[in-house]
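In what follows, a structure is listed as structure tokens, so that the remarks can point back to it.
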Protein chains: 2
Amino acid sequence: MKTKDLRVVKTKKAIYQALTHILKNKSLTDINVSELCRQAGVNRGTFYFHYEEVGDVFKEFFEEVILDLQESYKEPYKYISALQLKSSVYKNLDPKTVRIFHHVKKYEDFYHIILSDNVSTTYYYMFFDAIRSNFIEDSKIGEYDESKKFVYSFMTNAIIGLIIEWHRSNFKESVDDMNIHLVQTLSAIARN
Amino acid sequence: MKTKDLRVVKTKKAIYQALTHILKNKSLTDINVSELCRQAGVNRGTFYFHYEEVGDVFKEFFEEVILDLQESYKEPYKYISALQLKSSVYKNLDPKTVRIFHHVKKYEDFYHIILSDNVSTTYYYMFFDAIRSNFIEDSKIGEYDESKKFVYSFMTNAIIGLIIEWHRSNFKESVDDMNIHLVQTLSAIARN
DNA sequence: ACTGTTATTGTACAACTGTATAATAACATA
DNA sequence: TATGTTATTATACAGTTGTACAATAACAGT
């Protein structure tokens, strides 16, 4: 048993598509359950059988995106740009960090919503915790070092700070530009 | 003319008090307009005359808090702890940054809400922009340096990263502890 | 094809939302 | 104290919310 029920698959797909459709014209915060169900052709009671609020649907979406972020960390360095391999500017840059920018650019539309104003902080912290766990994964040789938890949160949110700035410029900078900004920022801090 | 209308003052005060009262037992997200007005003894229509949602009341609150943050930046260094003046660990730490931790500790209850899960990102960005503008203020000799905007956002959000970690430990660390964590984090980064 | 399970629907309900209107009361100013 | 202004109230309305229920249809496994 435990095969996925086709009814559920169909319902959720309808809701997904309805949400992405409405999101083209409206911000996430302004979409209500009734409208979403009307668009999806799904009974409102059915919605509440699976979710509690509209944001939960988006959250389910974003969980997939976060999964992709984790995946990209485990893969070999295929995402690293040619630019990086050539330039000596990058010699001190951890290639794993570089992938975050690739990932964000890939899911640009998502991160525009997540980093926008007047949205639940839930998504922000999903992103935060994902990056943070990668930082921990990278640096730990043996066990988790409790004393470094502030260092992890500092670095994690610092990277997101760059991405917030990126978001505010409508992601107009290229991934390579962001790499350069990261290197320059780090060296600027090291100078002080 | 343009004296403040006593009716408005009275109404807003009633709503303020009602909100702070309800916040003791409920999270901001769970408070609705009707409940707030019932508690405040204010007509619901009056509420909508001044605000659009419950969060706007909290936002008006938080604007005062942010004002205090800006104030503290302009004051002399009276907030700096005795610990800092003695220890040589702090020799490289900008005393202005130290005040942020003082400020957050002072308004601990506020920042517990603002940094909690499932709250609007609006307050986060209010905090972000306040700190960021202070960073810019500090570093600019002449005019605003557009090329450094990523450095500003990096450092700003990095500091907030520490505060997020602080928040997650229920602010159990002292302000001096946080100063130490900041110094240690910065030196850890400089080492790489 | 049969059967037990359960997701889905339609319906109903009280409470909340956002907006609008007219009447009233509280206000600032001269 | 009188006057013009406007914040507040009471009321009303259509739409949304969250929950509950019974009936039905769609499903998975044998």
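Each residue, glycine too, has its Cβ placed from N, Cα and C.
The DNA-binding region feature in TrEMBL is assigned to A:32-51. Long-range contacts of the DNA-binding region (A:32-51) within its own chain (CB-CB distance under 8 A, at least 6 residues past either end) are made by residues 8, 11-12, 14-15, 17-19, 21-22, 57.
Annotation source TrEMBL lists domain 'HTH tetR-type' at A:9-69.
For the domain 'HTH tetR-type' (A:9-69), the number of residues in each DSSP class (helix H, G, I; strand E, B; coil) is 49 helix, 0 strand, 12 coil. Summarised as a single figure, the pLDDT of the domain 'HTH tetR-type' (A:9-69) averages 98.
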